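Visitor: Got a structure for you, questions after.
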Ligand code: HPA
Ligand SMILES: [Zn+2]
(Lines of atoms letter the chains of each structure in order from A and count residues from 1; the text may use other names and numbers.)
(Lines give C-alpha, C1' and ligand atoms only; values in the text may rest on other atoms or scores of the structure.)
(Ligands and ions follow the chains in the order given, each with its own letter.)
Protein backbone atom coordinates (compact mmCIF):
# COMPACT_ATOMS: atom_id res chain seq x y z
CA UNK A 1 0.00 0.00 0.00
CA UNK A 2 1.31 3.46 -0.81
CA UNK A 3 1.92 5.60 2.24
CA UNK A 4 -0.32 8.30 3.64
CA UNK A 5 0.77 11.81 2.69
CA UNK A 6 -0.25 13.76 5.78
CA UNK A 7 0.79 17.07 4.20
CA UNK A 8 -2.02 16.59 1.67
CA UNK A 9 -4.67 16.51 4.38
CA UNK A 10 -6.14 19.90 5.17
CA UNK A 11 -7.09 20.85 8.75
CA UNK A 12 -10.61 21.46 7.42
CA UNK A 13 -10.89 17.72 6.60
CA UNK A 14 -10.01 16.66 10.13
CA UNK A 15 -13.43 16.84 11.86
CA UNK A 16 -14.99 14.49 9.27
CA UNK A 17 -11.99 12.15 9.38
CA UNK A 18 -11.94 12.06 13.18
CA UNK A 19 -15.66 11.29 13.26
CA UNK A 20 -15.64 8.59 10.56
CA UNK A 21 -12.50 6.75 11.64
CA UNK A 22 -12.63 3.41 13.45
CA UNK A 23 -11.51 4.01 17.04
CA UNK A 24 -11.30 2.47 20.49
CA UNK A 25 -12.54 3.99 23.73
CA UNK A 26 -10.32 2.84 26.59
CA UNK A 27 -11.29 5.19 29.43
CA UNK A 28 -15.01 5.58 30.05
CA UNK A 29 -16.76 4.94 33.38
CA UNK A 30 -20.17 3.46 32.62
CA UNK A 31 -21.71 5.23 35.62
CA UNK A 32 -20.43 8.44 34.04
CA UNK A 33 -22.50 7.78 30.91
CA UNK A 34 -25.73 8.04 32.89
CA UNK A 35 -27.53 11.03 31.34
CA UNK A 36 -29.82 13.12 33.61
CA UNK A 37 -32.86 11.96 31.63
CA UNK A 38 -32.02 8.31 32.35
CA UNK A 39 -31.25 9.11 36.01
CA UNK A 40 -34.77 10.52 36.37
CA UNK A 41 -36.33 7.63 34.44
CA UNK A 42 -34.60 5.04 36.64
CA UNK A 43 -35.44 7.00 39.80
CA UNK A 44 -39.12 6.87 38.79
CA UNK A 45 -38.92 3.20 37.84
CA UNK A 46 -37.32 2.27 41.19
CA UNK A 47 -39.04 4.76 43.50
CA UNK A 48 -35.73 6.42 44.42
CA UNK A 49 -36.00 10.02 45.70
CA UNK A 50 -33.56 12.49 44.13
CA UNK A 51 -32.49 15.77 45.77
CA UNK A 52 -33.11 17.61 42.44
CA UNK A 53 -36.50 18.83 41.17
CA UNK A 54 -35.91 17.93 37.53
CA UNK A 55 -33.39 17.21 34.78
CA UNK A 56 -32.49 20.89 34.41
CA UNK A 57 -31.81 21.29 38.14
CA UNK A 58 -29.58 18.22 38.10
CA UNK A 59 -27.67 19.38 35.04
CA UNK A 60 -27.23 22.81 36.64
CA UNK A 61 -25.37 21.09 39.50
CA UNK A 62 -22.67 19.90 37.04
CA UNK A 63 -20.25 22.72 37.85
CA UNK A 64 -17.13 21.13 39.25
CA UNK A 65 -14.05 22.64 40.86
CA UNK A 66 -11.96 19.48 41.16
CA UNK A 67 -12.19 15.67 41.04
CA UNK A 68 -13.87 15.33 44.45
CA UNK A 69 -16.63 17.83 43.67
CA UNK A 70 -17.47 15.70 40.62
CA UNK A 71 -17.26 12.35 42.42
CA UNK A 72 -19.81 13.47 45.05
CA UNK A 73 -22.46 14.06 42.34
CA UNK A 74 -21.39 11.05 40.25
CA UNK A 75 -21.86 8.62 43.16
CA UNK A 76 -25.23 10.22 44.01
CA UNK A 77 -26.39 9.77 40.39
CA UNK A 78 -25.50 6.06 40.48
CA UNK A 79 -27.91 5.50 43.40
CA UNK A 80 -30.82 5.02 40.96
CA UNK A 81 -29.29 1.77 39.62
CA UNK A 82 -30.98 -1.18 41.31
CA UNK A 83 -31.85 -4.05 38.94
CA UNK A 84 -29.97 -6.00 36.29
CA UNK A 85 -32.17 -4.26 33.70
CA UNK A 86 -31.00 -0.84 34.98
CA UNK A 87 -27.35 -1.78 34.44
CA UNK A 88 -28.18 -3.21 31.04
CA UNK A 89 -30.12 -0.11 29.96
CA UNK A 90 -27.34 2.25 31.08
CA UNK A 91 -24.67 0.31 29.17
CA UNK A 92 -26.87 -0.19 26.11
CA UNK A 93 -27.52 3.56 25.89
CA UNK A 94 -23.75 4.20 25.93
CA UNK A 95 -22.99 1.45 23.42
CA UNK A 96 -25.49 2.81 20.89
CA UNK A 97 -23.80 6.22 21.14
CA UNK A 98 -20.40 4.52 20.85
CA UNK A 99 -21.42 2.78 17.64
CA UNK A 100 -22.63 6.12 16.23
CA UNK A 101 -19.15 7.53 16.97
CA UNK A 102 -17.56 4.63 15.00
CA UNK A 103 -16.10 3.10 18.15
CA UNK A 104 -15.20 -0.47 17.18
CA UNK A 105 -13.81 -1.41 20.59
CA UNK A 106 -15.05 -0.18 24.00
CA UNK A 107 -13.25 -1.20 27.20
CA UNK A 108 -15.70 -0.04 29.84
CA UNK A 109 -14.92 0.78 33.48
CA UNK A 110 -17.42 0.01 36.21
CA UNK A 111 -17.31 0.70 39.96
CA UNK A 112 -18.91 -2.29 41.73
CA UNK A 113 -18.25 -0.93 45.23
CA UNK A 114 -20.53 2.04 44.53
CA UNK A 115 -23.34 -0.50 44.13
CA UNK A 116 -22.45 -3.31 46.55
CA UNK A 117 -22.20 -0.69 49.32
CA UNK A 118 -25.92 0.01 48.69
CA UNK A 119 -26.82 -3.67 48.95
CA UNK A 120 -26.83 -4.44 45.21
CA UNK A 121 -25.41 -7.89 44.44
CA UNK A 122 -22.16 -8.15 42.45
CA UNK A 123 -23.91 -10.54 40.05
CA UNK A 124 -26.65 -7.99 39.32
CA UNK A 125 -24.07 -5.36 38.33
CA UNK A 126 -21.80 -7.56 36.22
CA UNK A 127 -24.53 -9.62 34.54
CA UNK A 128 -26.53 -6.52 33.59
CA UNK A 129 -23.52 -4.75 32.09
CA UNK A 130 -22.25 -7.87 30.37
CA UNK A 131 -25.58 -8.61 28.68
CA UNK A 132 -25.48 -5.15 27.10
CA UNK A 133 -21.89 -5.73 25.94
CA UNK A 134 -22.88 -9.05 24.31
CA UNK A 135 -25.90 -7.39 22.70
CA UNK A 136 -23.65 -4.67 21.27
CA UNK A 137 -21.32 -7.27 19.78
CA UNK A 138 -24.27 -8.96 18.09
CA UNK A 139 -26.45 -6.01 17.09
CA UNK A 140 -23.91 -3.20 16.63
CA UNK A 141 -20.81 -5.15 15.58
CA UNK A 142 -18.55 -3.55 18.16
CA UNK A 143 -16.32 -5.31 20.69
CA UNK A 144 -17.29 -4.34 24.25
CA UNK A 145 -15.56 -5.63 27.38
CA UNK A 146 -15.60 -4.70 31.07
CA UNK A 147 -12.86 -3.51 33.44
CA UNK A 148 -13.66 -3.65 37.16
CA UNK A 149 -12.33 -0.61 39.05
CA UNK A 150 -11.44 -0.49 42.73
CA UNK A 151 -12.31 2.70 44.61
CA UNK A 152 -9.01 4.01 45.97
CA UNK A 153 -10.60 6.10 48.74
CA UNK A 154 -11.57 2.75 50.31
CA UNK A 155 -9.14 0.23 51.82
CA UNK A 156 -7.17 -2.47 50.05
CA UNK A 157 -8.98 -5.08 52.17
CA UNK A 158 -12.26 -3.84 50.70
CA UNK A 159 -10.73 -4.05 47.21
CA UNK A 160 -9.64 -7.65 47.93
CA UNK A 161 -13.15 -8.54 49.10
CA UNK A 162 -14.53 -6.94 45.93
CA UNK A 163 -12.21 -8.99 43.72
CA UNK A 164 -13.22 -12.18 45.59
CA UNK A 165 -16.90 -11.34 45.14
CA UNK A 166 -16.32 -10.80 41.39
CA UNK A 167 -14.29 -13.95 40.72
CA UNK A 168 -17.38 -16.14 40.21
CA UNK A 169 -17.95 -13.83 37.18
CA UNK A 170 -14.30 -13.94 36.08
CA UNK A 171 -15.19 -14.68 32.44
CA UNK A 172 -17.41 -11.59 32.21
CA UNK A 173 -14.65 -8.98 32.68
CA UNK A 174 -11.15 -8.64 31.24
CA UNK A 175 -9.25 -6.44 33.67
CA UNK A 176 -9.08 -4.32 36.80
CA UNK A 177 -8.47 -0.61 37.29
CA UNK A 178 -8.12 1.94 40.07
CA UNK A 179 -10.23 5.10 40.26
CA UNK A 180 -11.91 7.67 42.56
CA UNK A 181 -10.13 10.30 44.71
CA UNK A 182 -6.48 10.22 43.67
CA UNK A 183 -4.65 12.56 46.05
CA UNK A 184 -3.57 10.82 49.25
CA UNK A 185 -4.39 7.39 47.81
CA UNK A 186 -1.25 6.26 45.94
CA UNK A 187 -1.23 3.16 43.73
CA UNK A 188 1.19 1.24 45.99
CA UNK A 189 -1.62 0.96 48.58
CA UNK A 190 -3.20 -1.58 46.20
CA UNK A 191 -0.16 -3.78 45.48
CA UNK A 192 -1.66 -7.00 46.85
CA UNK A 193 -5.00 -6.78 45.06
CA UNK A 194 -3.34 -5.98 41.73
CA UNK A 195 -0.95 -8.95 42.20
CA UNK A 196 -3.94 -11.18 42.87
CA UNK A 197 -5.75 -9.88 39.78
CA UNK A 198 -2.62 -10.53 37.69
CA UNK A 199 -2.59 -14.15 38.91
CA UNK A 200 -6.10 -14.46 37.53
CA UNK A 201 -4.86 -13.38 34.10
CA UNK A 202 -6.69 -10.06 34.32
CA UNK A 203 -5.39 -6.98 32.51
CA UNK A 204 -4.19 -4.14 34.77
CA UNK A 205 -4.73 -0.38 34.42
CA UNK A 206 -4.83 2.49 36.94
CA UNK A 207 -5.70 6.17 37.07
CA UNK A 208 -2.49 8.07 37.86
CA UNK A 209 -1.22 11.58 37.24
CA UNK A 210 -4.66 13.17 36.80
CA UNK A 211 -4.58 15.26 39.99
CA UNK A 212 -1.89 13.17 41.66
CA UNK A 213 1.87 13.71 41.20
CA UNK A 214 4.24 11.93 38.78
CA UNK A 215 5.32 9.63 41.65
CA UNK A 216 1.90 7.96 41.39
CA UNK A 217 2.61 7.12 37.73
CA UNK A 218 5.97 5.59 38.73
CA UNK A 219 4.32 3.37 41.34
CA UNK A 220 1.46 2.38 39.01
CA UNK A 221 4.19 1.14 36.62
CA UNK A 222 6.66 -0.33 39.08
CA UNK A 223 4.42 -1.62 41.88
CA UNK A 224 1.09 -2.35 40.21
CA UNK A 225 2.68 -3.27 36.85
CA UNK A 226 -0.13 -1.73 34.83
CA UNK A 227 -0.43 -2.02 31.05
CA UNK A 228 -1.97 1.43 30.57
CA UNK A 229 -2.01 4.66 32.58
CA UNK A 230 -5.40 6.37 32.82
CA UNK A 231 -4.93 10.14 32.38
CA UNK A 232 -1.16 10.45 33.08
CA UNK A 233 -1.13 14.08 31.91
CA UNK A 234 1.08 15.20 34.82
CA UNK A 235 3.94 12.99 33.55
CA UNK A 236 5.43 16.02 31.80
CA UNK A 237 6.56 17.36 35.20
CA UNK A 238 9.18 14.57 35.34
CA UNK A 239 11.49 14.20 32.28
CA UNK A 240 12.85 10.83 33.48
CA UNK A 241 9.28 9.54 33.72
CA UNK A 242 8.48 10.80 30.21
CA UNK A 243 11.55 8.97 28.93
CA UNK A 244 10.44 5.75 30.64
CA UNK A 245 6.87 6.03 29.31
CA UNK A 246 8.17 6.66 25.79
CA UNK A 247 10.58 3.70 25.98
CA UNK A 248 7.78 1.44 27.18
CA UNK A 249 5.33 2.96 24.66
CA UNK A 250 2.98 2.92 27.64
CA UNK A 251 -0.50 3.99 26.56
CA UNK A 252 -1.95 7.09 28.28
CA UNK A 253 -5.74 7.31 28.16
CA UNK A 254 -6.15 11.09 28.09
CA UNK A 255 -9.56 12.72 28.61
CA UNK A 256 -9.55 16.36 27.42
CA UNK A 257 -13.12 17.42 28.35
CA UNK A 258 -12.72 15.79 31.78
CA UNK A 259 -9.44 17.59 32.40
CA UNK A 260 -11.05 20.96 31.67
CA UNK A 261 -14.27 20.29 33.67
CA UNK A 262 -12.24 19.12 36.69
CA UNK A 263 -9.82 22.07 36.37
CA UNK A 264 -6.71 19.99 35.63
CA UNK A 265 -6.23 22.48 32.74
CA UNK A 266 -7.80 25.95 32.65
CA UNK A 267 -9.22 25.50 29.16
CA UNK A 268 -8.99 23.24 26.11
CA UNK A 269 -6.44 25.50 24.34
CA UNK A 270 -4.15 25.00 27.35
CA UNK A 271 -4.35 21.19 27.27
CA UNK A 272 -1.00 19.38 26.82
CA UNK A 273 -2.20 16.72 24.35
CA UNK A 274 -0.08 18.07 21.48
CA UNK A 275 2.98 18.13 23.75
CA UNK A 276 2.38 14.53 24.85
CA UNK A 277 2.23 13.35 21.23
CA UNK A 278 5.24 15.39 20.15
CA UNK A 279 7.25 13.87 23.02
CA UNK A 280 6.54 10.44 21.50
CA UNK A 281 4.10 9.35 24.22
CA UNK A 282 1.42 6.85 23.20
CA UNK A 283 -1.57 9.08 24.02
CA UNK A 284 -5.20 8.30 23.22
CA UNK A 285 -8.34 10.45 23.55
CA UNK A 286 -11.29 9.29 25.66
CA UNK A 287 -14.49 10.70 27.18
CA UNK A 288 -14.11 9.56 30.87
CA UNK A 289 -17.61 10.50 32.08
CA UNK A 290 -19.39 11.77 28.95
CA UNK A 291 -22.76 12.55 30.58
CA UNK A 292 -21.03 14.87 33.07
CA UNK A 293 -18.22 16.44 31.05
CA UNK A 294 -20.02 17.75 27.98
CA UNK A 295 -19.61 15.15 25.29
CA UNK A 296 -18.85 11.70 23.94
CA UNK A 297 -15.69 10.57 22.20
CA UNK A 298 -16.11 12.18 18.78
CA UNK A 299 -16.96 15.51 20.36
CA UNK A 300 -13.84 15.28 22.56
CA UNK A 301 -11.74 14.61 19.47
CA UNK A 302 -13.23 17.27 17.22
CA UNK A 303 -13.31 20.08 19.79
CA UNK A 304 -9.81 19.30 21.05
CA UNK A 305 -8.47 19.56 17.50
CA UNK A 306 -10.37 22.84 17.04
CA UNK A 307 -8.87 24.21 20.25
CA UNK A 308 -5.27 23.14 19.57
CA UNK A 309 -3.87 24.48 16.27
CA UNK A 310 -0.68 22.46 16.85
CA UNK A 311 -2.64 19.27 16.16
CA UNK A 312 -2.71 18.17 12.52
CA UNK A 313 -3.51 15.14 10.36
CA UNK A 314 -0.48 13.18 11.57
CA UNK A 315 -1.59 13.64 15.19
CA UNK A 316 -5.15 12.61 14.32
CA UNK A 317 -3.94 9.41 12.68
CA UNK A 318 -1.54 8.70 15.56
CA UNK A 319 -4.22 9.14 18.24
CA UNK A 320 -6.68 6.88 16.44
CA UNK A 321 -4.03 4.27 15.71
CA UNK A 322 -2.81 4.40 19.33
CA UNK A 323 -6.34 3.76 20.59
CA UNK A 324 -6.68 0.61 18.48
CA UNK A 325 -3.17 -0.65 19.27
CA UNK A 326 -3.47 0.02 23.01
CA UNK A 327 -6.71 -1.95 23.33
CA UNK A 328 -6.79 -5.45 24.82
CA UNK A 329 -8.23 -6.92 21.63
CA UNK A 330 -6.26 -9.64 19.85
CA UNK A 331 -3.96 -8.93 16.91
CA UNK A 332 -6.54 -10.66 14.68
CA UNK A 333 -9.29 -8.35 15.93
CA UNK A 334 -7.12 -5.25 15.49
CA UNK A 335 -5.91 -5.99 11.94
CA UNK A 336 -9.11 -5.04 10.06
CA UNK A 337 -9.63 -1.90 12.20
CA UNK A 338 -6.09 -0.72 11.48
CA UNK A 339 -6.52 -1.49 7.78
CA UNK A 340 -9.77 0.55 7.70
CA UNK A 341 -8.03 3.45 9.44
CA UNK A 342 -5.17 3.40 6.92
CA UNK A 343 -7.58 3.26 4.00
CA UNK A 344 -9.55 6.24 5.28
CA UNK A 345 -6.45 8.43 5.73
CA UNK A 346 -4.90 7.24 2.48
CA UNK A 347 -8.04 8.17 0.54
CA UNK A 348 -8.16 11.57 2.23
CA UNK A 349 -4.51 12.26 1.34
CA UNK A 350 -4.81 11.51 -2.39
CA UNK A 351 -5.06 14.55 -4.65
O1 LIG B 1 -11.65 10.96 36.15
C2 LIG B 1 -11.82 10.21 37.12
N3 LIG B 1 -10.84 10.06 38.03
C4 LIG B 1 -10.99 9.25 39.08
N5 LIG B 1 -12.10 8.56 39.31
C6 LIG B 1 -13.10 8.65 38.44
N7 LIG B 1 -14.30 8.05 38.45
C8 LIG B 1 -14.95 8.48 37.38
N9 LIG B 1 -14.19 9.35 36.69
C10 LIG B 1 -13.01 9.47 37.34
ZN1 LIG C 1 -11.52 8.14 34.69
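Residue numbering: from 1, along the chain as shown.
The backbone N, Cα and C atoms fix where each Cβ goes, and this holds for glycine too.
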Visitor: Given that TrEMBL lists 27, 29, 288 as binding Zn(2+), which residue among 115, 203, 207 does it place in the same site?
Guide: 207
Visitor: Which recorded positions among 27, 207, 231 have CB under 6 Å of ligand 1?
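Guide: Passing the 6 Å Cβ check against ligand 1: 207.
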Visitor: So which of 210, 231, 289, listed as recorded positions, have a Cβ under 6 Å from an atom of ligand 2?
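Guide: None, by Cβ distance under 6 Å.
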Visitor: Any idea what DSSP makes of residue 231 (site 'Important for catalytic activity'), helix, strand or coil?
Guide: strand
Visitor: Which one of these binding-site residues has the most other Cβ atoms within 10 Å of its own Cβ: 288, 289?
Guide: 288
Visitor: List the residues in the vicinity of the Zn(2+) site, defined as same-chain residues other than 27, 29, 207, 288 with C-beta within 8 angstroms of the site's C-beta centre.
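Guide: Close Cβ neighbours, site residues excluded: 28, 32, 109, 179, 230, 231, 253, 255, 258, 286, 289.
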Visitor: From the Cα of residue 231 (site 'Important for catalytic activity') across to the Cα of residue 27 (Zn(2+) binding site), what is the distance in angstrom?
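Guide: Taking the Cα atoms only, residue 27 (Zn(2+) binding site) lies 9 Å from residue 231 (site 'Important for catalytic activity').
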